[in-house]
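I have placed the structure first, in the form of structure tokens, so that the comments after it can refer back to it.
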Amino acid sequence: MTLLAFLFLLALLPAGSARVRHLPKAASDPVFGPRQVHAVVGSPVTLKCFYPPTPVNRRDRKYWCRQAGSGCLTVVSSGYVAPSYQGRISLTDHPEAEHFQINISAVALGDAGTFQCGVGVNGRGLSHRVTLSVAEAPPVPEAAELFYVKLRSTWTASCGFGEHTAEMRKYLCKKEKEGCRNIVDSYQDVDPKGSQGRIQLTFEDPPGSFRVTITQMDWEDTGLYYCGAGEYGKDNTSKELDVFIYEDKNFPHFKTNITAQNGSSAAFECLFDPLINSSTRFWCKRKGKGCDKIIDNTGYVKHTYEGRVAVFKNPENKTVTVILNQLQAKDEGVYWCMSNELKEQQSSTELRVVAGEPALTGKKKVEAQVGSRVNLTCSYPCKYYSYEKYWCKWNNTGCATLPAQQQGLPGPAATCDKSTRTVVLSLGPLAEEDEGWYWCGVKRNGLFGETMAVELRVSAGSSAKHSPELLDVDSSHEAGAVPPGGALSETEVRKGAAPESSDESRGSNTLALVLGPLAGLILIVVTAFAIVKYRQLKRSDLVSVGSYRTNISMSDFESMRDFSASNNVKESQETSMGGDEFITTPHTPESAADTKKAKRSSKEDAELAYSSFLVTSSSIAQGSSGGDSAVPDVSPP
């Protein structure tokens, strides 16, 4: 019953899982070499045996032995050569190239047979069987070209058949029981069974030559292939390619399919490091039989992708990450990481864009003036709370990281607070060169995640629009303002940015213009009156009235006579005669002269004070109408 249940479950597995179920011999025996070698008597023979370059395999014994019944007799190994082969066979190990090489200087008819090349002890299992055929005369069949390919890596094969085949159909097919299944040719794109855009055929020089590249190699890609010109089996123009897949635990496992939401971003990983300095590395989108280049390592960025695509280096795992943001439905397709050197470093990834909302949110376009300050804000959901956040400024060679302020510290998702899920980039005072694209992004354990792009436009005029949530208010001028880089509420920003009311300003200015001259006028009048009174008191005479003595200025009497129409008192001199009696006597010439002198002096003082008052009043009136003119100092005469 258990067996029947197991078979039933296998029958229910989808057809797409066949790639996972198909585990060839390579899964347990990763040593690989030629299946059959053809040689002519007396000619040299060279063959290679491949092995995984693990630390143990690098140091372990390598051997070439001849099959004899159930055993295998060593012909040559690391440090040993059989007596019958002395002087005409050698074994050379090349661990950096993942293979060792057997060289036989001159083969004889007796050398034909079945052999094994392997690592470790004979018959331990890490070996590959090889059939050696020796003919007395040529021709001999051409040996297959061997390819030892890492799982999930890229395979590239070049084929050429001369200029006479330049106009003929070029193809790659895989040998199967029913024939040779077409994989790709120059007339149609790819295998109709579905290759998801991971196969590419390109023409090369000289004419008649071409190259086939297949990315994301899987277990089922192991096998015999034929590349050729014309039709397989009809035209005698084909070449045998023997492909072997093995697993390298240290080889990075990249995504072959990425699904992202509309408006968000996608991160593609590429094996672009390490490569030689002269190599050209670029990233392109598959288009028909070609690949439309988007960005490369020389600073080229396609115009329509400016601000949308950037390359980030990951020196720890010797890869680079290409990020494409602001995704749209038209961005769907297959993208390739390409290089003109080390073809196996190439890879491809299929992108699907689905409906939805990006996780990172914020204002995508910001306008500001030269000399102003802005805060670019990036809000993230709780799922990114423990991720590393960053801001960077985009350019055609990358995205330079900038210091930013994060509200709230990373921690468990359970403590995620909506009010602190913001990363702020403070810029200012702005200059024209600050204009451009700024990216906000997240990453975790060195792997880049989602990004959001913000376009900042800086203008020199006054027509720039400041978004309230992006305006930075200087905390040194307003109580309660947040530090530079902190996020302000909309109310706080508007309060800091709003100008004074024009009505209030006009009211305060009018009040100042009225009260200022009035206060000055009152001060001058009081001063002039005090000066006049002081001079009058200084010139006053002592007069007796009855039994009292008092100081009364003669000018007071004169003023009463001059300014009062009802004053009929005659000019007299009062003399104390005793008791309460008053005797009135006419003035003597001398006293009249003194009286006139005092009268004249008092009048002159009054007129001078009055003139000063008029001059000062005129100055004050002019100052009030003309602005902030100072009130002139008037010294007493």
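Any Cβ shown, glycine's included, is placed from N, Cα and C.
The following features are taken from TrEMBL:
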- 1-18: signal peptide (SIGNAL)
- 24-133: domain 'Ig-like' (DOMAIN)
- 252-354: domain 'Ig-like' (DOMAIN)
- 358-459: domain 'Ig-like' (DOMAIN)
- 472-508: region 'Disordered' (REGION)
- 511-532: transmembrane segment (TRANSMEM)
- 563-603: region 'Disordered' (REGION)
- 564-576: compositional bias 'Polar residues' (COMPBIAS)
- 593-603: compositional bias 'Basic and acidic residues' (COMPBIAS)
Summary of DSSP states over the domain 'Ig-like' (358-459), given as helix, strand and coil counts: 12 helix, 56 strand, 34 coil
Counts of helix, strand and coil residues, the domain 'Ig-like' (24-133), according to DSSP: 17 helix, 54 strand, 39 coil
Residue counts (helix, strand, coil, in that order) that DSSP gives for the domain 'Ig-like' (252-354): 9 helix, 54 strand, 40 coil
Taken over the domain 'Ig-like' (358-459), the model's mean pLDDT: 87
